[in-house]
Structures are given as structure tokens and as C-alpha cells.
């Protein structure tokens, strides 16, 4: 038989049902668009970041030494194998009338190389390379003056701006972390020539050879990094104590040398006293006066020396050596945000598009099956005139393959080069890393094509092969209607008797055409579930922020007192905290504990807060996670934040063992688990803290609220506090809020995209199902029009089924969406966050409203199309 005729018939069939064909194409395009776009966004960001880190040779680990590195430290660290080490200096200063903090680094040689944006690198001690964020405020050649809290660390105070750059270690444009200068929040950073520093090296960057080529966000990289960090911490474990003893010995040696000099002077005075016997008269009197003055002066020097030595010994702090990764390094908040966003979008990409594609595929599956049934008589005709079964099968395979391949091709290209770019741009908008590079992933594209062919082509093949087992004479006859068995509702007589004729017909048709029923219910339920989860995530994120920063925590700043502060400095701080600009304060004891938790890639920082009072209200609201009751500090035991409790599977009354990053273990009793959305916390009484954490001294600290709540007022107070000798650090609550808000805002915008995709899916599915319903039942509809039904009655005759099935789909979708939402909320949070599940009423109302609105619009379209049906043509015999 001529294949040309068969091909003509195949394309004619596509043209005759172009509405169905385009609907299938759009379904496949939408499914693959979401699937590929969301799946490749995370890998694209990871590859871009890995390339950036490799290009700038960014360190893997760094060490900050509070008192600098001694020669002994450097000799010990030189034993690290397969690692490149580079020492540097840094210090925090302030500019803009000492209100804004700036971190000054010595210019890197090979590791963590600055990315020059404009100008040149520093070539002498008076040059400065500013962060690009300051390019709108300063120009090349301008002078910037920087003040330091501790004098003598830098050669100059004023520097000439020679260029602007990005730091490969500080990625955030808005949240650069905390600082010991200015108002406590780091505002900018800069690079100086190494010769500008008068202090020794206090920063060490390390880059390991065995981590090269690994994805910086992969489990393999993080596991190896933790091993290296553990080795590093082990090497430096005793260095602080050794350095302290060395400093103490130096002090004692200096004191001994001074005492020797004093003793020499005392010997001279003694010799002078012996010579007084040779003098007489006025000379004796004058010599005695001078001797007395010398003895008094010597006594004063000795007392002053002892007093100074005592002060120096009291002010001496044990040096610390702290190791950091890229995300925990001071200023690494941007890297942490990037890693969290990448992780979150990868988790969403594993769930959301899969559900969306599954719904689209199921609708496609049933549509192709119904299309084969609709073409039954044409298949019989082709078989009767001599075409083989394979020839006839090719017609349907072509139909499904064209719709699947064209739709998938458009979806793959759109997802790869548009959706993934849009998502990445949203997530990296506040970061300096630049545009995300786009990569084509054959694996995801092949999967999308295979799924499309499975949904459209395989279905058609299976159904048409089943039909072609029949003889041509059977195929040329209309398919016998399904048996008119009684539906279950008819057995409920007290309901069935009260139904009108049209409703009885509606219910019978619903249960008669089960495939159509399932397709409508599944399509609407899937769309509603996706809508609910997308809107629910937005609502839950907003509610979590409001709950954490509006109810659980309500302070403006945490002020940490310097442990070596002198009495008069502490008195100055106490007087300031009673001033008019301070609304209220509460004294607490504060410490940080770094924990190693099984199955987590990074160390977790836990805030230890203790008080000798029973309540921390209103600064912290301690609310039980189980019963939502307010709690006081227990006399024994700890209140543990929920996320931390989940890691240890701890409950009230349990004994808990914590392993610190330095290997020390602490045993404590869990009194209650409390709500805390952001961060890990342990709250306890001061006496219980001293009982458990004997070797960790907690700093006296203050939770402070300012009289004026404006950001500028809070910053002014923070600047004044940090300028005091008695203040070691100030942590503004707004910096924590800014970090979390940045992450949540990015996820919120991505969810908006997914909500729009869900609405589009609902539109395509309902339009598609409505078109098929009309095409399949045109003879039935023409018959009831001939029987005298009005236009409205004809429309409702068919559309009432869609509305009832959509109502069922909405209910199922809301139920399924609640589970989908809860699961996504669980996986998108990072290691230190725990988002709530509560949603606002609009999360339920919007999906229902969207489907109802679509049904109303499509109802008018259906009514219009039904009025245009040619009844005579439709009622012609098909025999």
C-alpha cells in the first residue's frame, strides 16, 4: 500500500484535532520545562561556584589566631601534608566618623586572590584596595581615614584609594557578618599592602591538594574537609596553653629583669649611704636628702612595677586558635546563603517538578488512549483497504511522538536556558559571585524525552495493538457502550429519589466513563496540590520569621563584656546601660559551643545562655515545642531548641551527651524542648552551667533594647558601646534577621514562579479536558439540542460533570498538598533552621478560587463552542 496516503491521513488527523495535539504538546512542554529547569538550577550554581573558587584559589580552611602565630606555631603547622599554607594579617577598623566597620586584609599572594573590578592593586603601604560596594562613595585617588581601637597595628591612618575589588571569601553584598569595630556589623572590607601592617600574622589560609576537582558542595568534599579540620584542631589543641605559658614566662622574665635593675639601683643607693660617714655639715644634710628621695623613688618604681605586672597578668587571656571553613569564616554569611539556597532549590527540584510532570504525564497517558478509541473507525477503514497493523500503528505513534518530542524539546530548552537562569538570578541577586553559568545536561534531557515517549507513544502503541486484534468489520462499527450497571448512588434511595433527571444523568455519566473521571480528578488535584504547597511554603516562611523575630526573640543587641575589663571600665559600661538611650537590659552569661553532630557535613554552633534569674522575658520567650506553654529556666537541666533536639532525638527527661569540636564531651539533662526557628540554643540556670561546663567560662553579657527602635538609633548605641574598653563584642539582632530574611526572600520569589507554573498547569489541563469532552460527545450533545434543551441546559449537561469532578479534585488536592507542603518545608531548611508548618487562610482559598475562576472562564468558552455545533453534521450515521 502507498505510504504517502498513510502519511497524509496521519497529518490530516493532527490537523483535524489540533486543539488536542497542541494541548498535549503544551502539557509535555510544561512538564519538561519545570522538571529540567528546577533540576539543573542547583547543579548550575554549584558548578559556577566551584569554577569561581578554583579560579581565585580560595582557601578550604583558615585559622584565626587571637594573638598571632608564633614561630613554634608555624613550625608545627608546616607539618601539614599535601597542603598549601599562606599567612596573612587582618584587623577591623572604622571609618565614616567611626560609625561603620571595615575589615582590612593584607593583600593575598596566591590563595583567595581578590577579583579586581576597577583600578589597580596596592603597591605601597599607603595604598588601599576597597570593596566594590564602596565605589559609589569613593573615587580613585581619594583619601580614606581609618581608626583602630588598638593603636600601633598599622603604619598609617589615611590611605589613597587605588582600586575596587570583590573578595572571593565574602560573597554577600548586604550582610558581611559581625565586626569588633564600628557598630558591630561589618560594612565593608579592603586590602592593604603587607608592609602596611605592624602586627604579625594572625590569619592562615590553607588549601588542600586532595580537595581539588571536587564539587565544593558535595558530601565527599565536606567529609574530607571535616577530616582535615579535625586534624588541624588536633595539632593546635595545646598551642593556646603553650602560648599562654610562653607569654607568662616572658612577663615573669621581664619582671625579673626589671627587679634586677631595681636591685642594682638599690646597691648604688646602699653604697652612697655608706659614704655619708665621710661627709659633715651642709654636705651631709644635702646628701641625706638626695638619698631619701632616691629611696622613695626606688620604692615607687618597685610598687609601680609590681602593680603593672599584676595588671598585665590579670589582663592576659589565653590565646585561641580557631579553624573555619568557607561558610563559617567571619564574613562567610554570603557563602552560607549560597550553599543553603543551592541545597534548598535542589530539594524542591526533587519533589515539585516530579509531581507536576506526573500529573501532566497521567493526563497525556489517558488522552492518547482516548484518541485511539476515537479513531477506531478510521483504523478499521485503513485495515479494510489493506494496510498492515504496523502501518496503522505508525499513524498513532507519529501523533504521540510529534506532540511528545516537540513539547519536550521546547520544555528542555526553556528549562535549561530560561527557567534555571531566572531561578539562579533570584537566588544570587544579593551576592557578588556574578551570573550563573548555564550548562546543558544530557542526562536530564534524555530522561524528559523518555518520560514523554513513555506517556504518549507507549500508551498509543499498547492501546492500538489491542484494538487491531479485532476484524475490520468490528472496527468499522461504533464501540459498544459500556454496560448500564447501576451506580452505587442508586442504592442510596433517599438521595437518589430526590435528584432531578439532569443530575441523575450527570452522576451516571461520571461513573460510566471512569477514565474521564480519573483524568479530571487527578489533573485538578495535582494542580491544587502544587498550588497549595507553593503558597503554603511562602506563608510558612513568612510566619516562621514573624514567630521567631516577633515572639520568640525581642531584643536589639547582645553586648558581651570583655573578661579582662578593669573595674572602672566596667563601671563606665554599667552607667551607660542606665542612660536614657537604653530602654531596658538584662544581664546573662553567654558562651558559644561548637559541636560535631553525626551525619552533618559542618560543625554546628550552639549558643549557651544562662542566668541567675528564672526568666529571660521579654527578651526570649521560652515556649515548649509540644504544648506551646511558656517556660522558666529550670534549676537543673537545660531547655534545648527543637532542631538541635531533633538531631539527637532528645526528649524531655533524657540524658544528652554533646561532643564538642575539640573532642570534649558534656553530659546534661534535657528539661524541655523549646521552639526556636533560627539557630541552636541551650538555656539553663547559671548554677547548672557551672556544674556542666566547668572548663568554659561564660562572659557576662547583656540583652539590650534601645529607647528608639529605629535602625540608626540602634547602630549609634552599638557604636558607642563598642568604643568602650569593657565591651568585647556587640551582636545586633538585626544582622541575624537580615541573614535569615535574605534566604527566605530568595525562596519566596522562587515559590512565586512555581505557583505560576501550577496555575498554568491547571489552565492547560482543564482546557485540554474540556476540549476532549466536547469532541467525544458532540453527537450526544447534538441529540439533546434536537430534543429541545436550551443552550444553558446543554452547557450544564456536560459541564456539570467537570464542575463536580473538579470539586472532588480540589478536596483531594488540598489534602495531598498539605502533605507535600509539610515535606518540602522539612527538606528546604538548612542545618540550623527549623521552619514551621502553619499556613494562612489564603493558602486554602487561592487554589480553590483559581480553579473556580478557570472553570467560570472555560464555562463561557464551552457555551460558545456548543452553540456553534453543526447538529446535522454531528448526527450523521457513522456506519
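Note: Cβ is positioned from N, Cα and C throughout, glycine not excepted.
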Inset, instruction - Would you please say which range out of 276-299, 300-323, 324-347, 396-419 has the annotation transmembrane segment in TrEMBL? - result: 396-419
Inset, instruction - State the residue range annotated as transmembrane segment by TrEMBL; the candidates are 205-230, 231-256, 439-464. - result: 439-464
Inset, instruction - Look up transmembrane segment in TrEMBL and report which of 750-769, 770-789 it refers to. - result: 750-769
Inset, instruction - Could you tell me whether the transmembrane segment (351-372) and the transmembrane segment (841-862) have 3+ CB pairs under 8 A, leaving out pairs under 6 positions apart? - result: no
Legend entry - Distant-in-sequence neighbours of the transmembrane segment (351-372), which means Cβ under 8 A and at least six residues beyond its ends: 17, 20, 23-24, 27-28, 30-32, 34-35, 37-39, 379, 396, 399-400, 404, 451-452, 454-456, 459-460, 463-464, 467, 515-516, 518-519, 522-523, 526-527, 529-530, 533-534, 754, 757-758, 761, 765, 768-769, 772, 776, 820, 823-824, 827
Inset, instruction - Take the transmembrane segment (21-41) and find every residue of the same chain, 6 or more past its ends, with a Cβ under 8 Å from one of its Cβ atoms. - result: 14, 345, 348-350, 352-354, 356-357, 360-361, 363-364, 367-368, 399-400, 402-404, 406-408, 410-412, 414-416, 418-420, 423-424, 427, 439, 441, 444-445, 447-448, 451-452, 455-456, 754, 757, 760-761, 764-765, 767-768, 771
Legend entry - Residue counts (helix, strand, coil, in that order) that DSSP gives for the domain 'ABC3 transporter permease C-terminal' (350-467): 99 helix, 1 strand, 18 coil
Inset, instruction - Give residue numbers and ranges for long-range contacts of the transmembrane segment (517-537): same chain, 6 or more residues beyond its ends, CB-CB under 8 A. - result: 352, 355-356, 358-359, 362-363, 366-367, 510-511, 747, 751-752, 754-755, 757-759, 761-762, 765-766, 769, 801-802, 805-806, 808-810, 812-814, 816-818, 820-821, 824-825, 828, 839, 842-844, 846-848, 850-851
